[in-house]
Each structure stands twice: as C-alpha cells, then as structure tokens.
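Below: one structure, written as structure tokens.
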Amino acid sequence: MKKNVYGNIEDLVIDAKMVTCKGVVEKNSKVPRMSSGPEFQQIVLGSEGTLGIITEVTLKIRPLPDCRVYDSVVFPDFESGVKCMREVARQRCQPVSIRLMDNTQFRFGQALRSVENTFGNLFDAFKKTYLTHVCGFRLESICVMTLLFEGKRSKVVTHRNCIAKIAMSFGGITAGERNGERGYMLTFVIAYIRDLALEYRVVAESFETSVSWDKTLSLCDNVKKTVANECNKLNIKYYLISCRVTQTYDSGCCVYFYFGFNWTGLDDPVSTYHHIETIARDSIMASGGSISHHHGVGKLRTHWYEKHMSKTVLSLYSASKKMLDPNNVFANGNLISFPLSKI
C-alpha cells in the first residue's frame, strides 16, 4: 500500500531462501544489486508455493517517518482524477499512498459515515452546497483522491503543496485531512463489511488488475458495463460494482474492483459470483489488463495464466518444476491446472 516510497515486495526482498526437493535455492551474497546471470529470485517470488518452501527472507527496512499527514482532493469526475494521477506519476512525485475512488465507491463510503450531530449535519450541507452551487460539481459524478504523506515534516509540507497544485490544474479541490484519513481507512473497513454482509444475504469480493494509462478509463468502463449486463441477465436487482485506482507507475496503474450483490432467490450465490467475476476477468483481459497486479494466479485464475502466457514460458515453468520438484510434492494446484506433461 505504500510502495511509492518503500517499494513493492520484489523491491524489498534482498534474498529469499527456498528449500526444494533437490536442494536450496538462494544467493551467496546479501548485496543490494548484482549482475550475475538470470535472476532466479523472481522465480522464487512468483512460484506461489509450487516449487518449494521459503524458509528465510532478508528484507530492507527503513526508519519510521517523523510525521504522517493525510489529505484528499475532490474531482468533478473520474476521468479528471485519473488524468491527475497520471500527471503525478509522470512527474514522479507520488506520496506514500495516492488512491482514487469512483463515484459509486465515494457514495458507498459516505453511507458508512457515523451519524453527525446538528452542527456536523449543517457543515456537511454547507460543503455539498459549495461543491454543487459554487464549484459546479455534480454529486452523481464526483470522485475523491485520498493521499498519505510520510517523512520529514518540512518535506511533507512541500510535497503536499506540489500535489495540490497538480490537482488544481485538473479541476480538483482539496478536501482536507479528515476525508483523506477516512478514505484511506475504508480500504481496511471493506474487508470487515464483506464478512458482515454475508449475514445479510450479500456476497461480495474484490478483484484487481494492472493496466497502461491509455487504457485505464476504457477498462474501468468496460468491466462495470459487463458486470451490470450480466446481473440484469441473471435478474439480480440489487448489486454494486465500483472501482478505485490504488497504485501508480510510470506506464500505468493498479485498478481494484469491488463487486457485491444481494443473493435472495439464488440457489448458489458463490457459484453465481464466480461466474460473474469470470466474465469480468475476461473483460479485463480483453481491455488490455493483466491477470493480476499482486493477488497472484492461485487456483481461480489458472485459466488465464495458461491462455495468456506463451507456450515457451509455460515450458520454462514446467522445466523448473520437473527439476526442483520431480515428484510433485508441492502439489497445491496453483498456476497450472493441467498435468505438466501436457506442456
């Protein structure tokens, strides 16, 4: 969640020792970088438990930041927010966390807010009036970018002003620390809501992808329409499909989708959810997205791994598997769903 400053897991791992049926896979040096042939460390990180067991890891650590500051920006629409995030990424000035929730997710978050007192209700009414009548925003299209800054206080202040300036150039209006923290915490709250919702006949889950900047908007739109159309076909009246951009890179971003529906009248809601997510995943792939940004392949996405990886790549994995685990001891079923002999 804070990879912009601290790095993704592949950036943090200096070495990982993996015990296999044929011996130990590890480096003989703990240096920060080296050029010594193919980087087999990546095979260890992406093997998902199919080649061996990781028993030791050497990780980079960083001092705790001096200060932590939240912020938020309201945009008139999702497209403006995405363009702003792309510009922030282009200038490589991302804070620790920068996330953009669409209008559906924004309204969902608003519905979860605790009941305010009279003063709080009046203040909220004033903010809505300001956004709609003064700024000309439409409540049914606005979206919110949440920000988290960490580091030296002086640098955080400068960084915050830099992001605010970029946001203003795309029609954004700063919305303060409280909204930024609330939006950031929504990421954690959603997991608990998902479990609680099951008790109220609602099944929900998230799925993610990575996509280039030029295809981000069309991918989000295609997936939402695909899910909505399939829900209509299955006569599912009450459903929610939303998305947020959660990670940014030079060439693209990570997009999270949140999908849930009331399963009253359905005999097998879990299978129904899997069916709809499968169709949504097909739409993601057809729209230029990846199998996964960080959730991995596992068992549920083996179909796309086998379909979208070249036969040479599959053969390379098969050779690694046969060499390190010839008797298929680590047969957890991840990555490949069919016998390796068929590759």
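Count begins at 1; order follows the chain as displayed.
Placement of Cβ uses the backbone N, Cα and C atoms for every residue, glycine included.
Annotated features in TrEMBL:
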type     : residues                                        : note
BINDING  : Glu48, Gly49, Thr50, Leu51, Gly52, Ile53, Ile54 : FAD binding site
DOMAIN   : 67-334                                          : domain 'FAD-binding oxidoreductase/transferase type 4 C-terminal'
SITE     : Arg99                                           : site 'Important for enzyme activity'
BINDING  : Arg194                                          : substrate binding site
ACT_SITE : Tyr256                                          : active site, proton donor/acceptor
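The distance from the Cα of Gly52 (FAD binding site) to the Cα of Arg99 (site 'Important for enzyme activity') comes to 35 Å. You'll find the Cα of Ile54 (FAD binding site) roughly 28 Å from the Cα of the residue listed as 'active site, proton donor/acceptor'. For Arg194 (substrate binding site), the spatially nearest entry among the recorded positions Glu48, Leu51, Ile53, Tyr256 is Tyr256, judged by CA separation.
Taking the centre of the Cβ atoms of Glu48, Gly49, Thr50, Leu51, Gly52, Ile53, Ile54 as the FAD site, the nearby residues of that chain (Cβ within 8 Å, site residues left out) are Met18, Val44, Ser47, Phe330. Considering only the recorded positions Gly49, Leu51, Ile53, Tyr256, Arg99 (site 'Important for enzyme activity') has Tyr256 as its nearest partner by CA-CA distance. A Cα-Cα distance of 29 Å separates Leu51 (FAD binding site) from the residue listed as 'active site, proton donor/acceptor'.
The residue listed as 'active site, proton donor/acceptor' sits 26 Å from Thr50 (FAD binding site), taking the CA atoms of both as reference points. Annotation for Thr50 (FAD binding site): spatial neighbours Lys321, Asp325, Phe330, Ala331, Asn332, Asn334, Leu335, Ile336, criterion Cβ-Cβ under 8 Å with sequence separation of six or more. Ranking the recorded positions Glu48, Leu51, Gly52, Ile53, Tyr256 by the number of CB atoms within 10 A of their own CB puts Leu51 at the top.
Local packing around the recorded positions Arg99, Arg194 was summarised as the count of other Cβ atoms within 10 Å of each Cβ; on this measure the leading residue is Arg99.
Within its own chain, Gly49 (FAD binding site) has Phe330, Asn332, Asn334 as residues 6 or more apart in sequence whose C-beta sits under 8 angstroms from its own. The Cβ of Ile54 (FAD binding site) has 17 neighbouring Cβ atoms from other residues within 10 Å, across all protein chains displayed.
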